[in-house]
Amino acid sequence: MTARGTPSRFLQSVLHNGVGRYVCQLKRISLIFSKKGQGSLGVRDFIEEGVVDFAKNNPGTVVYISPQSCRIPKIVAEYLNGNVKEETVTNKTSQEIVELITKLSNQSGLDIIRIRKPFHTDSPSIQGQWHPFTNRPPSIDPVGPQAK
Amino acid sequence: MKYGTTFSFCWSGGSKLLLYHYSHIEVKLTKCLFKMSSFSRSAQQWATFARSWFLIDARMQPPGKIASMCSVRLQGKHKPIYHPMSDIGDHVVVMNTRHIAFSGNKWEQKVYSSHTGYPGSFKQLTAAQMHKKDPTAIIKLAVYGMLPKNLTRRTMMQRLHLFTDDVLPEDILENLTEELPQPREIPRKLSEYTQEECDAFPMLWTPPEDYRMK
């Protein structure tokens, strides 16, 4: 659709993350897969090889592994601002799942919609924003023909 | 580090009378004795985009110079936040348009032509005739010709207020914020010089006693 018809937001970080310490915004990541389905092969390989390293590298993120009888394996990522992102990982290789999970952990939970401006500042003016009386002090005498 | 612009000036005893002459928006701007930087975002925006009212006295002034000053302020080109699409022009009030002064022989030589489109309706008026018919027309046409030739021109013309003499209505008097200096310095008439100044003026030559001046 058009830019006007789709939602948009301004560039921002969650609670000025990174100004002080950086807090990983990924709260919880759940791997839902089936123990015997062929679509979950990549997920099962990932669980064998990479998930423990991922969990060690991201101490602030909780990793849940839930084998269920499901046709399509999913990765559900929950973020600190409450957003939930689900990605289906059917027939993905372990390497692709590694990349996907690093991408999810690097995201903040803000919506992936059009960003109106690629910049943002909390102090847009240092010397003070211009107003009509910045460089012309208002006249003390009354203005008008009676003044003459 | 933020540098806020502080606003402070002392009001004389007639503060109520002074406030009566400003537009209600700029009363608030001029009254603020605290830092402008402590305004909220919406208040700061409102202050930045406030529309001012200017007064110009056109007595003994060339109408072209008056018109160029008007057009600059009607477009908003005197503001650093100018953008042609932003509609940030100010109001301009011109008084004493009856007493404008063309230089040279323009009163007789300058011709204002108009044609309504119908055959035989080509009219040509000299500036003197036009001025007699409508004392504000000369400045109005001059400003109209100096504004950008697009659809915003009509809105800018609506913000131009022309008055033939220095009698202005109450509500416009209340809104005025600044009087602009006149572009042309009015030369003094001979009758306006004092006798001392006349005597102090150096003489080129001293006429003899019996010289008869014409």
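Numbering starts at 1 and runs along the chain as displayed.
For all residues, glycine too, the Cβ spot is worked out from N, Cα and C.
The structure displayed is predicted, hence computed values, not measured ones.
Listed in TrEMBL for this protein:
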- A:35-108: domain 'Ribosomal protein/NADH dehydrogenase' (DOMAIN)
- A:124-148: region 'Disordered' (REGION)
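Summarised as a single figure, the pLDDT of the domain 'Ribosomal protein/NADH dehydrogenase' (A:35-108) averages 95.
According to DSSP, the domain 'Ribosomal protein/NADH dehydrogenase' (A:35-108) comprises 29 helix, 17 strand, 28 coil.
Counting residues per DSSP class in helix, strand and coil order gives 3 helix, 0 strand, 22 coil for the region 'Disordered' (A:124-148).
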